[in-house]
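Annotation comment: Swiss-Prot describes 2-49 as domain 'F-box', evidence class sequence analysis. The repeat 'Kelch 1' annotation in Swiss-Prot covers 169-218. Summarising the annotation, Swiss-Prot assigns repeat 'Kelch 2' to 221-266.
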Amino acid sequence: MATMISNLPRDLMEEILSRVPLKSMRAVRLTCKNWHTLSITISESLAKMYISKTTRESREGESTIITLMNYKLCLTSLVVDVDPYIEHKGKLTCFNLEHQVKISQVFYYEDDTITTRLVVWNPYWGQTRQIKTRYSHHAFSGRDSTYMFNYSLGYENKNSCRSHKLLRFIDYHWNYRGLHQFFWYEIYDFDSDLWTTLDVTPHWFIVISQSGVSLKGNTYWCARKRSGGYSDHIICFDFTRERFGPLLPLPFSFIDRHHSCVILSCVSEEKLAVLFQYKDHYYKNVVEIWITAKLEAEMVSWSKFLRINTGPIIHTSFFINEEKKVAIGFNDNRKTINIIGEAGYFRELDLGEHAEPYRRRHVFSYVPSSVQIKETAPGNIKKHQSSIETRLFDRNMLRLVAFEKKVSE
């Protein structure tokens, strides 16, 4: 009597799944309900074994990257060699969302991505979790105004398990003299399914034109003192303590540096990297990249990774390949990525698609992980906000309405 593939023993199905290439996992999940369920509930140890096996079998110098262009996320293989090249693996699709969405902002966190619709998505497992915000708000677009929601995903360790949280904040200021400003920091807990207002009075400005960088469960941003000056610091949000740390200095000076730009990245989920780009006295582009030698809650030290004179411009985001000692990031022509390295090494690779003007572009190295997104259990009784939190929320909403009225006058 023939055995249907959906009725195979679990251990045999797990063995089969462990041999499926990552790019074919989505097709396997769509085969039948049993395969889809098993691919999601499969043990973390097996998932770790599979990911480790895939990593070992990668070609030398190969990196898997995700790019955000024209509201789409695409998975690409980049091989850095004497003659580097790219292989397009396809568009990343949230096939378990009711409708496909345009992606305008991405925060990368150890294999999870989050968009401004507040969908947390793990491409490896094919899991998503939609998070309901407490209010909907559109940006005020006025003279000398700067505004954007900022999001970051992190965790604290509870009983050897990761308890995930989502930070969302507004730091809304009208003109840089600080005459009118509004800020509101709140955090969402995946376990309780509740939002909580945080007691934060920032003495800094976070560079909101860039996404934060996740490292070991916490998030880092480029920042500057609220009193003014350059964006010559980083700041960390600790998801365990639910608070910001002190401003930590970057390893370079902005004095006599024209048209400067600072971009933050991470290295192998172990260190931070920062790219400093500026024009020298001869108006030639200079790129410096530094990596953290030591990073603690209240101190940081840096080591220089790379310096390139008259190098090409890198926009928005970047990542590095430590082994090959190169940096990879978007060109300003909106359709190619630059690879820069020592001794004037430079290669330009065409992505095959031109990015639309004024749309966000993002590139980052992608490493699958066994972390799964905790779902809200069906039939759970919804917890209610405390009366104190309700009053804080109502007060902040009144402050926001009053602030926007003042700015629009």
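Cβ atoms are placed via backbone N, Cα and C, with glycine included.
If you average pLDDT over the repeat 'Kelch 1' (169-218) in this model, you get 85. Helix, strand and coil counts from DSSP across the repeat 'Kelch 2' (221-266) read 0 helix, 24 strand, 22 coil. Across the range of the repeat 'Kelch 1' (169-218), the DSSP-based residue counts are 0 helix, 27 strand, 23 coil.
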